[in-house]
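Undergrad: The following block contains the structure, expressed as structure tokens.
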Amino acid sequence: MKIKAISIDIDGTITYPNRMIHEKALEAIRRAESLGIPIMLVTGNTVQFAEAASILIGTSGPVVAEDGGAISYKKKRIFLASMDEEWILWNEIRKRFPNARTSYTMPDRRAGLVIMRETINVETVREIINELNLNLVAVDSGFAIHVKKPWINKGSGIEKASEFLGIKPKEVAHVGDGENDLDAFKVVGYKVAVAQAPKILKENADYVTKKEYGEGGAEAIYHILEKFGYL
């Protein structure tokens, strides 16, 4: 199937390790856009962050934020979940681990809880979820722990974003570097993992870049453009 759009993670995929945007990734994104291939930014960050990043980087596709819980396109926002059990979990975590911290972005979030991974282990979070019998999942993005409803993920976000573009998810190629990109891999037509990605993501990829971080993201975009006849 012909690839008509590229969805791509932000942190670690089009950035340096310190999260600064990588100029080579920026050039690759703009090259794809110039060829008529819309880029969809897909991130665990807030919808406000994703919208701003899209404007500054120069992408034309929808943005998928909050790990799939929020979609924004042409000044229209859709939230696919709300938080209830997440706060029950957080109250319990705070009782047991007083030093645990959520992201400073929590006041802007509506679809999931984000816990700083240096303050608690993701396996511990999962154990507490099971103890409390909550209908939640915890995913380590490599930058933070994202806690959300089971149906909220990058894959479901890409499915919804594809509707805005009038294409099928299988007509999207996805590029990522984290565990939370696995759900995206399940719905798209072509999958690329950046070199520093965890083993499980690489095992499920159609292509693994030779370079890491933003250089790897740039390599991924050019690879997709060449493979599907745009270059």
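Cβ from N, Cα, C; glycine included.
Sharing the feature lines straight out of Swiss-Prot:
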ACT_SITE  D9  active site, nucleophile
ACT_SITE  D11  active site, proton donor
BINDING   D9, D11, D177, D181  Mg(2+) binding site
BINDING   K154  substrate binding site
Undergrad: Let me make sure I understand the structure: which of the recorded positions listed (D11, D181) has the fewest other Cβ atoms within 10 A of its Cβ?
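TA: Checked D11, D181; of these recorded positions, fewest Cβ neighbours within 10 Å: D11.
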Undergrad: Using the centroid of the Cβ atoms of D9, D11, D177, D181 as reference, list every other same-chain residue with Cβ within 8 Å of it (recorded Mg(2+) site), in sequence order.
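TA: Output for this site, in sequence order: I8, I10, G12, T13, V42, T43, S141, G142, V175, G176, G178, N180, V194, A197.
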Undergrad: Whole-number Å only: compute the distance from the Cα of D177 (Mg(2+) binding site) to the Cα of D9 (active site, nucleophile).
TA: 7
Undergrad: Provide the three-state secondary structure of K154 (substrate binding site) computed with DSSP.
TA: helix
Undergrad: For the residue listed as 'active site, proton donor', name the DSSP secondary structure in the helix/strand/coil scheme.
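TA: Note: the residue listed as 'active site, proton donor' is coil by DSSP, not helix or strand.
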Undergrad: Far apart in sequence but close in space: which same-chain residues, 6 or more away, have a Cβ under 8 Å from the residue listed as 'active site, nucleophile'?
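TA: Counting only residues 6 or more apart in sequence, the Cβ neighbours of the residue listed as 'active site, nucleophile' under 8 Å are V42, T43, K154, V175, G176, D177, G178, D181.
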Undergrad: Return the count of C-beta atoms lying within 10 angstroms of the C-beta of D177 (Mg(2+) binding site), excluding that atom itself.
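TA: Other Cβ atoms within 10 Å of D177 (Mg(2+) binding site): 31.
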